[in-house]
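Straight from TrEMBL, the features:
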- Asp142: active site, charge relay system (ACT_SITE)
- His198: active site, charge relay system (ACT_SITE)
- Ser521: active site, charge relay system (ACT_SITE)
- 34-111: domain 'Inhibitor I9' (DOMAIN)
- 135-556: domain 'Peptidase S8/S53' (DOMAIN)
- 629-726: domain 'Subtilisin-like protease fibronectin type-III' (DOMAIN)
- 1-24: signal peptide (SIGNAL)
Amino acid sequence: MVKLNFVVRSVVITLAFTLSLCDANDDDGNPKFHIVYLGSLPETKASYSPTSHHLNMLQQVLDGSNPTKSLVRSYKRSFNGFAAMLTNQQAAKLTEMEGVVSVFPSKTLQTQTTRSWDFLGLPKAPKMHQTVETNLVVGFLDTGVWPESKSFSDKGIKGPVPKHWKGTCAGGLNFTCNKKLIGARFYVENSARDNNGHGSHTASTAAGKTVDNGGFYGIAGGTARGAVPSSRIAAYKVCSDSGCEDHDILAAFDDAIADGVDVISLSISGTTARPLDTDSVAIGSFHAMAKGVLVVQSAGNYGPFPGTVASVAPWLITVAANTIDRKIIDKVVLGNGKVLTGIPVINPFESKRRTIPIALSNGNTRGCFKKSDDQCACLDEKSVKGKIILCDYFLQEDILFSGAAGAIGKASDLDNVADNTLMPSVTLLPKDYAIVKSYKNSTKHPSAKILKSESAQDHNAPKVVAFSGRGPNPTISEILKPDISAPGVDILAAYSPIGSPTEDPSTDNRSVHYNILSGTSMSCPHVSGIAAYVKSFHPHWSPAAIKSAIMTSAKPMVRSSVEDVGEYAYGSGQANPILAINPGLVYDINKEDYVQMLCNLGYNNRTIKVISGELNPCKGAAHRSLVRNLNYPTFAAHVRPMVPFNVRFGRIVTNVGLANSSYSVTITPNPQVNITVTPRVLSFKALNEKRSFVVKVVGKIPHETVVISSIVWLDGTHHVRSPIVIDVSVP
């Protein structure tokens, strides 16, 4: 099995707890978890029993074995399929059966705020609007929640549970719901209770109640709140400390859609993108979209390299992570008075003495090979006990067990995100680390004092962080991913008091109710909250219309480095919740449009018929070049160097602004290409009126590059912006 990642950062490398790929394709003859995806449920269900159908299919490949022992779970509420223990040979036989879309190993994805909502400009909701929010239900597929958290209290929540809610509170032993936390289910372990902290953090970020005096040991204190604090929450526990398995994710989708959630948030991702028909999140979110439910997913934590975005389905929102205007800083004062500022480490400790000796040598234990003295493995207790040690790379437990009083570490230039620490520590960039080494070697009694972390203003925000997954879209080059960026660095939100703050319970038994985490796991619920916020103003908008509103109203950003392609890092820019509720124009997409895109991608008619439940899903001639005509709020294409190109994008916008309005287009020029828009003016006489236009990009570029531009539709009030990205490269 492969594990989808919690998309958080951990100490040492990137958190996403490290994704493990337990190879489900090894042909050893042993049964393994497989998912058999059968597409949409039949429209007439009266005479159809999904479970009986699934057992009958298994009976045909199990050579007389009892199929009930192989069947793990049937998906039968919102779409059709099942999970079963199968050998590769049995899975191959099922693949050939009529009505089977795909059979694939159940991979295990692993999971990868106070100031952030103020930074995004979202005010606390007026009491009049809180009544509207109470009709919204946000579902979270995660590690569960801590139901007793103040962030999930129902104090002040008005009105009954929404009428469209069909779910239940099945959270297990000693798990109680309320008028805020109205639903809970678990698919792993024995309760929906959050033992980890990740699920409580994401749920409270999007939809948590307003809680004053939140903080982590006095760091980054303030008022913790979600975007829609009066909305309802439903928790679907699909992740344990070991990961989040595909078959559990699909089961939660099956339930959440049928339960009546309005938005589904998944701070879950893999290391790489997968084909749409073998990606549990792509499959589940397709059926959610078909029922009017918007899905938001993390982009993944495997940046900054190109093509590392792991969430690629066009019918969901993929979210990158950026900084906010508050950062965590750490300082160390050397014995000679020099003060050095490190990259962020969330250090709630301060050296107890005025200064502490710096170890002249880290020593070495017998039989341990080290490339350098600053490699802090196999530390000699006699050499380092009670002292600060210098480490070019270290694991916290090594230092804790050695008796050292603290550590000064060396970071790479890409490390710009705070990680929790268990001891006084600071991480310095190589040039500052060299200063400390030089000082240590220049005196007989070197010493230092490591100060407690503090908050400071970050004037460079927002910037996409290095770990955030980048485009281009490795599966569908015509769809720009990620879609949007949101705060995902140093986010304070609710936490499980039995979850380790450093996510390492073997060495960290502290108990906290709020914690600071970073990752695309943290940016995802910001956009989930914004989506719910937009839906509270426009309850009848489609998932695509809400997505379009968020994307076209986004704040443009600048790239994080010279090497970075900005739009591959942040998509349309940083989400802006206030502008998103009044976008002026939206690019709407329905289920039939997405189905036609699948036809143009080359999926066969039989497969698409099963996925969509439609008798004749593919309309007209299908061709890969037509994929770019999906009514997406961005424009992306791939062309070859030295080959002349004339790329055409057809789009339709719907007027949701002023009834009588006229929009003119502005094109950001790029000297490498010629961009035209026809017509250049769109006039509307009524709300919900539609107008079409065509964007053409013409050129011939001799070398590999990425061409960036944008168009903006303006009516004097609204600013509807869409990036244009042309990837010029050899496939």
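Each residue, glycine too, has its Cβ placed from N, Cα and C.
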Fill in the CA-CA distance, Asp142 (active site, charge relay system) to Ser521 (active site, charge relay system), as an integer in Å.
10
For Ser521 (active site, charge relay system) and His198 (active site, charge relay system), what Cα-Cα distance in Å is obtained after rounding to a whole number?
8
Local Cβ density at Ser521 (active site, charge relay system) - other Cβ atoms counted within 10 Å:
34
Secondary structure composition of the domain 'Subtilisin-like protease fibronectin type-III' (629-726) [DSSP: H/G/I, E/B, coil]:
1 helix, 60 strand, 37 coil
Please give me the CB contact count at 10 A for His198 (active site, charge relay system), counting all chains in the structure.
32
For a quick check of packing: other C-beta atoms within 10 Å of the C-beta of Asp142 (active site, charge relay system), how many?
30
